[in-house]
Amino acid sequence: MKASMFLALAGLVLLFVVGYASESEEKEFPIELLSKIFAVDVFKGEERGCKGFGDSCAPGKNECCPNHACSNKHKWCKVYLGK
């Protein structure tokens with residue numbers, strides 16, 4: 001029951017996004033939509049002094065942004081949730 005409700009809700013959200021995308025004539029629509037959904041501006045290509053989520057890093061060098069940590073296993077910055 002919960003799974004079917006989740007799938008129905010996900011389908012409605014997908015239908016809304018596709019409908020909104022079909023009405024939009026701007027080329028940067030996907031970037032704007034993702035920026036609004038996640039409330040971040042990582043898509044503009046701005047230079048910053050730290051590495052964000054998914055950027056490659058070297059463990060132990062503290063290159064990742066605050067609230068992120070370099071994964072020893074995957075060698076990229078992940079969100080640090082603490083222990």
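Keep in mind that glycine also has a Cβ here, set from the backbone N, Cα and C atoms.
Sequence annotations record features per position, and here Swiss-Prot assigns disulfide bond to Cys50-Cys65 (among others) based on similarity to another entry.
Per Swiss-Prot, the feature disulfide bond maps to Cys57-Cys70 (among others). Counting every protein chain shown, 21 other Cβ atoms lie within 10 Å of the Cβ of Cys57 (disulfide bond). The DSSP secondary structure for Cys57 (disulfide bond) is coil.
Around the Cβ of Cys64 (disulfide bond), a 10 Å sphere holds 21 further Cβ atoms from the protein chains shown. Here Swiss-Prot flags Cys64-Cys77 (among others) as disulfide bond.
In three-state terms derived from DSSP, Leu81 (leucine amide) belongs to neither a helical nor a strand segment and is classed as coil. Taken from Swiss-Prot, the feature leucine amide covers Leu81.
Sequence annotations record features per position, and here Swiss-Prot assigns signal peptide to 1-21 based on sequence analysis.
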Any idea which of the disulfide-bonded residues Cys50, Cys77 has the thinnest Cβ neighbourhood at 10 Å?
Cys50
Pick from Cys65, Cys70, Leu81: which of these recorded positions has the biggest number of other Cβ atoms within 10 Å of its Cβ?
Cys70
Compare the Cα of Cys65 (disulfide bond) against each of the recorded positions Cys57, Cys77, Leu81 and report the nearest.
Cys77
